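Peer 1: Can you read through this structure? Questions will come right after.
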Amino acid sequence: MSVGVSTSAPVSPTSGTSVSMPAFSLVDYVVFVLLLVLSLAIGLYHACRGWGRHTVGELLMANRKMGCLPVALSLLATFQSAVAILGVPSEIYRFGTQYWFLGCCYFLGLLIPAHIFIPVFYRLHLTSAYEYLELRFNKAVRVCGTVTFIFQMVIYMGVVLYAPSLALNAVTGFDLWLSVLALGIVCTIYTALGGLKAVIWTDVFQTVVMFLGQLAVITVGSAKVGGLGHVWAVASQHGRISGFELNPDPFVRHTFWTLAIGGVFMMLSLYGVNQAQVQRYLSSRTEKAAVLSCYAVFPFQQVSLCVGSLIGLVMFTYYQEYPMSIQQAQAAPDQFVLYFVMDILKGLPGLPGLFIACLFSGSLSTISSAFNSLATVTMEDLIRPWFPEFSEARAIMLSRGLAFGYGLLCLGMAYISSQMGPVLQAAISIFGMVGGPLLGLFCLGMFFPCANPPGAIVGLLSGLVMAFWIGIGSIVTSMGSSMPPSSTNGSNFSLPTNLTVATATTLMPLTTVSKPTGLRRFYSLSYLWYSAHNSTTVIVVGLIVSLLTGRMRGRSLNPATIYPVLPKLLALLPLSWQKRLHCRSYGQDHLVDTGVFPEKPRNGVLGDSRDKEPMALDDTAYQGSSSTCILQETSL
């Protein structure tokens, strides 16, 4: 079975093989159990600490008192899933280091959230990212965004629990449902009882375990093949060290431009507007700490990508000297790393268990984040607006109940995943399909003051239709293809570096010798452009509908929900250019008269009947949003 890797149906865990599977030692099981016990202990510690004095803010937002380092490590762990731990080395082993250039997109993909999305979200004092949509548009847009996110996460979280367990079972014989139930139950308990603070600190612990497990593989593997210098030499000799592929064709799976530019939009859908990440930003004690945590993720992401790439190169070198067995060569790509680990770590008690702990740390961190973020948006976006009189005690019980409920739902989805067969590919693709339209919805609201609620809803629906059209078309096309993938551009559904890329890769059709034409050509769009394509669809359609329906005329616009793009860009120009463009700020009265912004409220407070509480705004929100620029009649 493969997690978005193979075009065939998942392999049954009970299918017989002619080769005996490596057995785990008692020490390996002890190491694995220690991971579960320590993760549970961290969660229970935060649950018991101050029991009876917990608040909803503490459960859902960690009292907004987290430091930047634990938040940064949690941001990394949230989407550094087991899919990534298995997928990146397999990608490098099969196609070379071209994928490593994805690291080029990390800088902009984290810089933009740090200086655009985080300041807007943090200053609005949000709990759910989708509260922004109500402040900017209306409640209907907020509910649409929330339901889309819930659909996205519920479909995927069972797969991210079940699929690595099945791959592990196929290679090692590690009991399938024992691992699924153990992970699901432990994760549910510490997430529901300990809240976001428990999730963040267990993420920190699990991140350390992930790096230790991967470093153990690199150290032992490189020692067995003669050192990292020999690894690099062999990889270079066999063409696995890739240079810059500057082909601008968006239908080529991996090029420098696809990875470096298309990857930016993928990163924005993850680190800019995804509730699991936004919730961590907002749990920081200050806005500066939130921005620093986003910066701190950058080196961790680079190290993580390099470690995964090194494992792939070491694995390639090892199997050049010790060829795979027939069973291994015919396995799905997501199983290659597990076979490699069992080959090099056999006879070293405890190290196979450490890698399995590393693998399931990735699953735990992703699933716990899903539980917590789902409980938060359900509570804040779907329950509290309709039942605002909830007492604190009842709200706490309901928040914990929601986390427990989503944990049970995750186990149920894991069972459904085991029965889905080939349909599993569509399920694991949904996460990647939905990220782009949600990014487009937030960008439409934040960067375009003329966008209105009808435009936002129609734009989101158009983006989702486009995403599912391309995604399902790609799956159907790939299933109908009987040609093997090429060595340079075929995807064969390999697992890349993070959760969204991993799911999006499943949408890529196999590359055949002859180039596809017509719709088949359209369906072969590189998966890394999906977020860019779908978010652009939302923005373009949303703007057209907004212009046709009267823009924001007659509706109030909260200036704190708008990021002043033009003034920020013009401030980067030389002073002489700014003078030629005659940049100046209009007064607030002018903006009110023209209907661009509502009248500035007394005492700096803005609110309407739909808000639970009035929102405090400072003068900088108006001044920053009111800057405008007029081109003088004199030519430039």
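Just so you know, glycine gets a Cβ as well, placed from its N, Cα and C.
Whatever TrEMBL says is automated annotation, not expert-curated.
Values in this document were obtained by computation on a predicted structure and should not be read as measured data.
Below are the features listed in TrEMBL for this protein:
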TRANSMEM  29-47  transmembrane segment
TRANSMEM  68-88  transmembrane segment
TRANSMEM  100-122  transmembrane segment
TRANSMEM  143-164  transmembrane segment
TRANSMEM  176-196  transmembrane segment
TRANSMEM  208-235  transmembrane segment
TRANSMEM  294-319  transmembrane segment
TRANSMEM  354-377  transmembrane segment
TRANSMEM  398-417  transmembrane segment
TRANSMEM  423-448  transmembrane segment
TRANSMEM  455-476  transmembrane segment
TRANSMEM  527-548  transmembrane segment
Peer 1: Which residues of the same chain, at least 6 past either end of the transmembrane segment (143-164), have a Cβ under 8 Å from a Cβ in it?
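Peer 2: Distant contacts of the transmembrane segment (143-164): 1-4, 81-83, 86, 128-130, 133, 180, 183-184, 275, 334, 359-360, 362-363, 366-367, 370-371, 373-374, 377-378, 381-382, 406, 409-418, 424, 427-428, 430-431, 434-435, 437-438, 441, 457, 460, 464, 499, 503.
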Peer 1: With pairs closer than 6 in sequence left out, are the transmembrane segment (354-377) and the transmembrane segment (294-319) joined by 3 or more CB pairs under 8 Å?
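Peer 2: Contact criterion not met.
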Peer 1: Are the transmembrane segment (398-417) and the transmembrane segment (68-88) close, by which I mean at least 3 Cβ pairs under 8 Å that are 6+ residues apart in sequence?
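Peer 2: Checked: the transmembrane segment (398-417) vs the transmembrane segment (68-88), no contact.
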Peer 1: Under 8 Å for C-beta pairs, could you tell me which stretch among 29-47, 100-122, 176-196, 354-377, 455-476 has the largest tally with the transmembrane segment (208-235)?
Peer 2: 354-377
Peer 1: Within the same chain, where does the transmembrane segment (354-377) have neighbours whose Cβ lies under 8 angstroms from its own Cβ atoms, ignoring anything closer than 6 residues to its ends? I mean 6 or more beyond.
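Peer 2: Distal contacts: 24, 28, 31-32, 34-35, 39, 60, 74, 77-86, 127-130, 146, 149-150, 153-154, 156-157, 160-161, 164-165, 168, 172, 174, 179, 183-184, 186-188, 190-192, 195-196, 199, 202-203, 206-207, 209-214, 216-217, 275-276, 279, 341, 345, 399, 402-403, 406-407, 410, 499.
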Peer 1: Which stretch, 100-122, 176-196, 455-476, tops the Cβ pairs under 8 Å count with the transmembrane segment (29-47)?
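Peer 2: The stretch with the most contacts is 176-196.
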Peer 1: For the transmembrane segment (176-196), what are the same-chain contacts with Cβ under 8 Å, counting residues 6+ beyond its ends?
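Peer 2: Contacts of the transmembrane segment (176-196) (Cβ under 8 Å, skipping residues fewer than 6 from its ends): 13, 36, 39-40, 42-47, 54, 58-62, 161-162, 165-166, 168-169, 202, 279-280, 283, 360, 363-364, 367-368, 371-372, 375-376, 399-401, 403-404, 407-408, 410-411, 414.
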